[in-house]
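Visitor: To start, I am sharing the structure in question, which I have written as structure tokens.
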Amino acid sequence: MEDFVRQCFNPMIVELAEKAMKEYGEDLKIETNKFAAICTHLEVCFMYSDFHFINEQGESIMVELDDPNALLKHRFEIIEGRDRTMAWTVVNSICNTTGAEKPKFLPDLYDYKENRFIEIGVTRREVHIYYLEKANKIKSENTHIHIFSFTGEEMATKADYTLDEESRARIKTRLFTIRQEMANRGLWDSFRQSERGEETIEERFEITGTMRRLADQSLPPNFSCLENFRAYVDGFEPNGYIEGKLSQMSKEVNAKIEPFLKTTPRPIRLPDGPPCFQRSKFLLMDALKLSIEDPSHEGEGIPLYDAIKCMRTFFGWKEPYIVKPHEKGINPNYLLSWKQVLAELQDIENEEKIPRTKNMKKTSQLKWALGENMAPEKVDFDNCRDISDLKQYDSDEPELRSLSSWIQNEFNKACELTDSIWIELDEIGEDVAPIEHIASMRRNYFTAEVSHCRATEYIMKGVYINTALLNASCAAMDDFQLIPMISKCRTKEGRRKTNLYGFIIKGRSHLRNDTDVVNFVSMEFSLTDPRLEPHKWEKYCVLEIGDMLLRSAIGQMSRPMFLYVRTNGTSKIKMKWGMEMRPCLLQSLQQIESMVEAESSVKEKDMTKEFFENKSETWPIGESPKGVEEGSIGKVCRTLLAKSVFNSLYASPQLEGFSAESRKLLLVVQALRDNLEPGTFDLGGLYEAIEECLINDPWVLLNASWFNSFLTHALR
């Protein structure tokens, strides 16, 4: 890699990168990928600045190098590449002369035309993830962020790309060339996988001077300096220490060990109450897609263009009306919102050129649905100190809900096969070393089993929706942007297919903190009549919007088409995790791999081929009231994947708590089955900790029900 860097980059850039690594005490002979990354970043910063000047009229112009007009002012001040002291001197000088706010971190450039600092990012990962990391680190609206990737993607604050398209294309071409050159030399995979998340200043922070003396004075007894204390903490093994402390505890602490027998455990108590309701961010088994095969229309790949093309495939639209109202909402507003979407889509079609994005008119119905101006006013605490009865407002305890059959049906459906292919082979990642040939074979077998699975569709749908929503939240903070809910797949014959599930309308999204909420209205197509399970759709207002002709064995039949509308909300951190659902594939693959490994160690040879190709053998899938359910290896793969996907879709504090606490009971039961004669104390407290997590979440309630089935059959 070092040889490649020295051949590929300008010697001046290489020299600057060497200095930077030396400044931070890093060895470029060892950290070769970092060396390449620093050179790439420097080159992008220089290319960003190249040829851009400001003329005497204050206008930004482009001038090639051989132009004799040398009196022009450079548009960009380059800060990256200078040593830290000089860089901060330049930043301070700019702030003093322009009145710009001083940034907390060293930026890369200053734009004299737009009067703002610029942070340039070059990533080997997805631009959205890297943008989010940069934004979270900088936490400043005054520094403009512009991210480039090696695949030609880019992302910038408020979708303001600063430079003209030609200048940006030059940068993207150079990055693509670097990637190709690395790939030709077999360096790309290592380089791509070596990228870490954005580092914070603390990782590089050296304590010196007064702060260092204070740190040394503040140490516990017996420690002479901070390094010794750090070394002790890093190497601290708590177990023996805790056991010693337990023996010194008061005799009043009752920790009497009780034997754990087959008759000891009782079933977990599930809550009573009305049935639980659907709380996923998008419809699962009830979703309906409007699809186009082999899309080749103008603007193919632009979500709004794809959505309009999909909408044109359906001819059964009719005057919408409410069939299942939301009990607490102003239902006519949901109806008006759908009519507004239809009207504004029609307006777009009447235009000469379809825009890339659509911002909805801020009508009264959308303002209501998106909670505009509904948030309570925030008041500074200092202004309230004198109020004698100041207290936190009372919040109601969540209403207990009982388990309902629909969530088991949802899970069963997620394990089923569809007639489409949702992932290509490379979704799970490439081999890194030759020894991974067996792993490749396992991965290919696994992919073949799950590529058609409905749970895989949910992954791709979730990734798309969360990415689009986060993008819009960053780029159009004040707008009510219309976001089509789209997925891409292939038919069994290999033809490409674009699917539209419905639309999202995003509310105002000034998301400063990870947990700040953006409201959105989702409108999703379905053929499911909500009156069959009204409790499942408690949070929805459902409209009937058309009639769909369906072909069946007995001919054509007409079914009413519904639109499920609800107000919902999410946050940056939830969208980030939603965008990262693909590792669900990896998690379930690893679980299958451990089964193959166990089988191989018994037979003392690799059993991958036999494991996947022996269709007659069945494997345990899970527990049900009937006992241990078994199925083919493909069914096991799909069940494990569906569990992983549902953990992501229904992620909640209730699930975290239940998983952590029930695992303790599971380990004790497992020890009993292995004849290890386990003992417990305060088993009642453990049950209490488990049961306080069973409130109203459908996925947690289903897991608790499965756990009870396991207890019944495990202790027979």
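Just so it is clear, glycine is given a Cβ too, placed from its N, Cα and C backbone atoms.
Pulled these from Swiss-Prot:
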type	residues	note
BINDING	HIS41, ASP108, GLU119, ILE120	Mn(2+) 1 binding site
BINDING	GLU80, ASP108	Mn(2+) 2 binding site
MOTIF	124-139	motif 'Nuclear localization signal 1 (NLS1)'
MOTIF	184-247	motif 'Nuclear localization signal 2 (NLS2)'
Visitor: Whole-number answer please: how many Å between the C-alpha atoms of HIS41 (Mn(2+) 1 binding site) and GLU80 (Mn(2+) 2 binding site)?
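Guide: That separation, Cα to Cα, works out to 9 Å.
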Visitor: Same chain, not part of HIS41, ASP108, GLU119, ILE120: whose C-beta falls within 8 angstroms of the C-beta centre of the Mn(2+) 1 site? Give them in sequence order.
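Guide: Leaving out the recorded residues gives VAL44, CYS45, GLU80, PRO107, LEU109, ILE118, GLY121, VAL122, HIS146.
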Visitor: Distance between GLU80 (Mn(2+) 2 binding site) and ASP108 (Mn(2+) 1 binding site) at the Cα atoms, whole Å?
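Guide: Between the alpha carbons of GLU80 (Mn(2+) 2 binding site) and ASP108 (Mn(2+) 1 binding site) there are 5 Å.
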Visitor: For the motif 'Nuclear localization signal 1 (NLS1)' (124-139), report the average pLDDT of the model, please.
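Guide: Mean pLDDT for the motif 'Nuclear localization signal 1 (NLS1)' (124-139): 82.
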Visitor: Relative to the Cβ position of GLU119 (Mn(2+) 1 binding site), how many further Cβ atoms are located within 10 Å?
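Guide: Cβ-Cβ neighbours of GLU119 (Mn(2+) 1 binding site) within 10 Å number 22.
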Visitor: What does DSSP assign GLU80 (Mn(2+) 2 binding site), in three states?
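Guide: GLU80 (Mn(2+) 2 binding site) sits in coil per DSSP, no helix or strand.
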